[in-house]
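Taken from TrEMBL as is:
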- 25-102: domain 'Gelsolin-like' (DOMAIN)
- 142-213: domain 'Gelsolin-like' (DOMAIN)
- 257-333: domain 'Gelsolin-like' (DOMAIN)
- 400-480: domain 'Gelsolin-like' (DOMAIN)
- 520-586: domain 'Gelsolin-like' (DOMAIN)
- 622-696: domain 'Gelsolin-like' (DOMAIN)
């Protein structure tokens with residue numbers, strides 16, 4: 001195995017390591033210059049997680065030579081080999097970097113003209129003898145490109161940084177928005193604090209109010225070009241946008257053969273003995289999956305095979321390549337499979353999972369007493385409080401809302417829609433949530449009326465409530481906790497209207513499960529033995545008797561909930577333990593059948609993802625925020641979509657336009673419905689800026705409710721104390 005001396009420290013500690021290719025060798029880039037890339041060079045990056053797991057990136061500038069890009073590929077292969085073949089590998093091309101890559105540089109990346117061949121070196125210095133103009137572009141991921149130091153380079157829609165060494169001027173075009181100013185400020189601060197070690201002064205300049213120091217450098221100001229539209233980004237839904245090929249060298253040379261022409265694929269299509277190419281060229285993505293038992297030559301030639309594939313397909317040279325070992329699959333790759341399951345994944349449609357090595361999210365045990373001061377727990381368990389506030393429920397009837405008898409609170413019928421208003425105290429303020437519960441057998445008129453009545457109720461309360469749309473069977477834990485210790489009971493059909501009760505079946509089966517927040521739900525399911533689950537409790541009602549069946553992994557709380565369900569059904573019950581069922585139990589269910597018997601494994605969750613919905617380009621597009629997102633990534637002039645796997649949040653910025661507000665709920669629904677992993681019907685919670693509940697804010701570290709209250713926030717950023 002070839003081992004370069006630079007590999008001695010590779011992957012030894014979590015974090016990022018960057019090398020530049022210089023004279024066909026690896027030279028480390030100083031940490032304070034991370035994020036600076038010469039357009040004439042090639043770079044090798046290694047990101048190590050705490051697990052540890054590894055991500056290797058080759059970055060090629062637009063003007064780098066074939067020799068340099070070839071050397072980067074060789075070193076990437078050697079580093080992959082050195083780390084045991086486990087890293088995920090990416091090929092990055094200037095201006096088309098992956099979200100994973102961009103996520104490493106929260107202050108943005110800066111493209112510098114020239115390269116090692118031109119004598120430009122990454123040097124540790126407090127050098128203030130600098131004169132350059134940077135064009136700042138991008139909303140989720142910032143790219144700063146060095147352009148000609150001239151007024152002709154400016155436009156009214158963007159921000160620019162005039163870097164004069166001792167002074168750094170941030171120039172804001174008259175048509176740029178507040179969010180772009182904030183992002184440009186982050187980058188200006190990064191230059192000051194990292195490249196200058198704090199030895200520079202930041203000055204904000206408005207279009208039309210340029211100081212003499214700028215006109216001295218740039219000359220008399222000429223007319224500025226009007227704003228140019230942002231680049232359009234690829235939409236998030238990738239369903240049916242890919243093909244799957246197998247790579248083989250059995251014939252003596254690398255060949256590809258078609259496995260499936262269109263996605264979604266089945267995970268079983270991937271043999272552990274082979275390597276595969278997943279072709280998503282329409283979105284400029286090509287993936288190579290390496291089976292753990294594939295032969296060495298196929299595994300080592302993975303990147304070359306992908307590059308050859310791109311040439312044969314006449315795809316753009318900017319097409320991204322990801323090389324993935326088994327067990328290290330990225331979210332972008334897994335989304336093309338309808339049944340993807342990771343090792344140790346729990347089962348069930350709303351069970352979340354991840355690869356522990358890649359991105360494990362620490363699970364926080366539920367403790368109702370600490371809900372109010374532990375925002376991370378509130379977010380992870382979807383609980384704004386312990387459910388002890390005030391509850392009011394209406395049923396949608398004849399286009400209006402009719403109060404539900406409080407003695408039946410907690411019972412919901414699949415033929416109805418309901419509005420549940422929950423009011424609670426958060427500090428000294430009263431907060432409100434409107435849950436709109438929609439039964440699977442309710443009519444189109446009732447569904448439409450429920451949406452209209454929700455808006456009407458929201459308007460009557462001044463637009464302050466948080467709105468949560470809930471589809472039957474996808475109830476969030478907090479809604480389940482509102483019924484004073486009683487389980488939430490969901491009848492599969494019928495209606496609770498007076499004189500409208502439909503006749504229930506003679507045989508009924510209720511599935512009772514406790515959530516992570518200890519609230520219980522009893523859902524009526526088809527009375528078949530195949531619906532049993534060893535982890536839960538079931539109530540079976542026949543014309544003659546009622547059985548309470550306790551699975552081996554069921555909890556006592558679920559048994560208590562089952563007894564309440566029995567009381568609602570108005571019968572005496574017989575307890576049945578799994579494995580000791582009487583013959584009458586199985587005959588009532590239509591005979592014994594195979595059911596889920598594997599104990600639920602430790603619950604794992606996928607890391608949350610944040611997207612922006614914007615029509616700044618002239619049409620509504622969805623763009624993911626790269627890396628670990630922060631509160632400052634919430635663009636006040638956009639609608640943001642937060643995906644926490646078992647819930648979707650839509651955050652409405654105060655400056656979002658009407659098109660974004662109107663179209664984003666449809667995008668959220670399409671986003672969920674097009675997910676091959678089968679998350680249809682997830683709750684979609686709509687939240688307005690300034691009225692965020694802890695179930696949302698807890699996903700953001702150190703949430704500041706006042707961060708967007710000042711129009712001068714970007715100026716505050718610039719005038720932080722300087723580090724001398």
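Note that Cβ sites are derived from N, Cα and C of the backbone, with glycine treated the same way.
Taken as a whole, the domain 'Gelsolin-like' (25-102) shows an average pLDDT of 91 in this prediction. 142-213 is the stretch from 25-102, 142-213, 257-333 with the greatest number of Cβ pairs below 8 Å to the domain 'Gelsolin-like' (622-696). Break the domain 'Gelsolin-like' (400-480) down by DSSP state and the numbers are 24 helix, 33 strand, 24 coil. With DSSP classes pooled into helix, strand and coil, the tally for the domain 'Gelsolin-like' (520-586) is 21 helix, 22 strand, 24 coil.
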